[in-house]
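Take a look at the structure below.
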Amino acid sequence: METMKSTPVVCFILLAVSTVVYAQSCDFDTPGDFCGWTQASDDQIDWLIDKGPTPARQFAQNFGRPELGSGPFADHTLGDENGGYATIRHTGHVDGDRARLVSQEFNIDVVLRFWYHLFGQNIFLNVYLEKGGIMSPIFQTYASASTDDTWKPVVLPIVATGPYKIVFETGRDGSFRCQAAIDDVMMCDGVCVIPSAPPLDCDFERDMCGFQQDTADDIDWTRHNRGTPNRVYAIQHNAPGAKTGPFHDHTQGLYHDGYYMYVESSNPAQTGDVARLFSPETNGPCLEFYFHMFGQQMGILQVYTKLSGSTDMQLQWELSGDRGDTWNRAVINHNITDNYQVIFHGDIGGFLSDIAIDDVRTRNETCEAFGGWGGWGNWTDCTATCGGGIQTRTRYCDNPPPPYGFTCVGDDDGDMADSEQQDCNKQACPVDGGWGPWQPAGDCSVTCGRGTQPVDRQCDSPAPQHGGSQCTGPSTDSQSCDKGPCPVDGGWSPWSGFSACNVTCDGGIRLRTRLCDNPPPQHGGANCVGDDDGDGADTDFETCNTNPCPVDGGWSQWLPWETCSQSCGGGTQRRVRTCTEPVQQFNGNGCHGDTDGDGTDEDFQPCQAQTCPVDGGWGAWTSYGPCSATCGSGVETRSRRCDSPAPSSGGKNCLGDMDGDGLEEETRACHAGTPCPVDGQWGPWVAISQCNVTCGGGMLVRERECNDPSPQHGGNPCAGDSDGDRLETGYDVCKTGRCPDWGPWGSWSLCTATCGPGDRERARRCETAGAEPGANCPGDVNGIGVDTEEEPCNNGPCPEGEDCGTNGCPAPGVAAGQSQEDGEEKSDNTAVLAGAACGGIGVLLIAVGLGFLLYKKKKEETKIRPSDGRPPRTASTAWSNR
């Protein structure tokens, strides 16, 4: 495995204790830089550095099945595609393959801190302490099916004596969705100085800035530009009550360009569903963002914080209900000094409750919670030009505008405005002279009716002051005077014309009138002559229209409808009535609508409108379609439809259209011109070696060829045939039955001599019941199945005068060369000596001695190694460690 380059060690000086603390930190943000960590030489997979989503994660996302991916979408450090992390690739590897990343060697106690990500299937991460070639686990985690798409922290104090290394291990076990990942690995002597996370500054214009969806909520937040779908629908359908969500983002305020994040509240979302959005880690006591909450069923927006390494979420801000069709600014001041995440929690209130956020920022200083006053405006015009007036000027709380729910200091009424007043034009105003009322200055010129009389007036209302003008106009004049009206006698007006006769025939009356208004009697004058009742009116009558009245004709009832003119396809039928109820008389009008005056009327209506049956007819054949095969042989098809004409109104199907689908097809053979590729498949396994043991479980070598079938015409090689030799070698277990073992030892035989030194032996058998067939006991290389051992014996010195040779005298009744236990023959060369006893015959003694020596030699040639592993005993050696 390749050794990666190392990075300089970072040392932090803790001023509080004046101690230099060792620290090694790696964020994997530089491609190929593992910061001194190296690939193990005995593994099968290399660790590598990825940025953004892993290929497996991106492929699953593009395929529309994100739950089938593996690995993170972004790193932990930056939370976007620019940050790196360490992971593996599963392709080209098999179950059981491992990847190990090894630290440099340490001789001091350290604290190991890192972040890990498990999203996939049968995915694991192990951390070992490697010392003296032995790896001891200090952290292990596994997930059979993980959907937790978050980075999790781990802190491990490590106490060890002597040099050691840290090893990260992952690999493939039963699944290709096995891309574990690590990031921000730090090793410190005592205290890890955790760098502050960068501040947030996200306007969502380019991407989600490392924000991640919560996989355990109900619905997701959506990055969007332009108006929300509900907002666009409401505009297109002129339904202002259905508006919800923003029309544009906050950053640019443009419909076509800016992006923001929002929660879609329409189907499939349900009331009460929640959506949570996690920011990357950040730092700073000030959190600022803009929100848009507009809709008749608006739900709840909550903002939580979560400390780095913790699972607890702290509620920092909450707002519910419709807040107007505008982007509102919100600020949150908190006292968190460590790294933390921001969680936006949207709660659906109904179909019209789209919630949106934009321009999320954190700062390393406290947020200004109040707005700032803008500059004063101009003074208004004075309310008076002289004599003292008031003028006003105004400033507004918009420099900057305050966060939602706040205002500027001093804005007690909360109207976001402040005003002040001052006096103006205090000088005295000029007063122009004004005429007082006219006063009578003489008598009226008449005794009744209207006349004139003299009047005068004074310039004292007011009198001229402070340079004001004198009164203008005359001071004397005349005015009309009224002594009451003079009496007037009434006079008749001319007669009006006669009114219309009150009937048109059979005799009636008409009248005419005149009024006493020429002139009317007034002021005590007499009424008109003849106006005895004093009503001021006179009436005159005469007869009129004495001729008989005409009689208009009237229609009789309709006669029944006549028979239809057609039996199908649409016809008409007629009915008739006559002008006889009543008959026309005395120049009366004919029946209504009798334009030709024949005294009859006809009416027509459609009938038998049902379509006449049409039998179907086949259309023209289409051209033959493409061949069904891209290689080898196939078929090509053409078709025609029953549409020339199509059967209708109960007409018959086309000839031969038995199933009535209106379609007929015919096929013919075709050839693609090239043979089809054939993918290779492995043939059966064939053993190519003997088992390496006879029992107890061993291994044999086997191989198989890529010939069932062989790859042809550009087909793929057999799966796993990476070198293309069409041969694969493997191993298989064999001889798994248990090994046989020796039974107990039998009893010792009698000593070969009755006096003086001799030998005795005992035997045991190989017990094979239930053992691997054909297996031998330990040490039984020839497969005899019997093991013997012997030892020297001595029954005391021989009696004086007897000489039985160096082996002593045989026991009574046992021939030389035989066992004293079973009497089996040990040497054919000594059989002739059977029955001989000790004596003084020299030749016999020599024969006995030679026979015994041959017997000893034969036993040593046939003896096997005992099962306890000791060498066979010879005549000159003895057993030890008995």
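Backbone N, Cα and C define each Cβ position, glycine as well.
A TrEMBL annotation is a machine prediction, not a hand-curated record.
Annotated by TrEMBL as region 'Disordered', the relevant range among 458-478, 584-604, 710-730 is 458-478.
For the ranges 787-810, 859-882, the feature annotated in TrEMBL as region 'Disordered' maps to 859-882. Using a Cβ-Cβ cut-off under 8 Å and counting only residues 6 or more beyond its ends in the same chain, the compositional bias 'Polar residues' (467-478) has close neighbours at 430-435, 438, 441, 452-459. Mean pLDDT for the domain 'MAM' (200-369) in this predicted model: 92.
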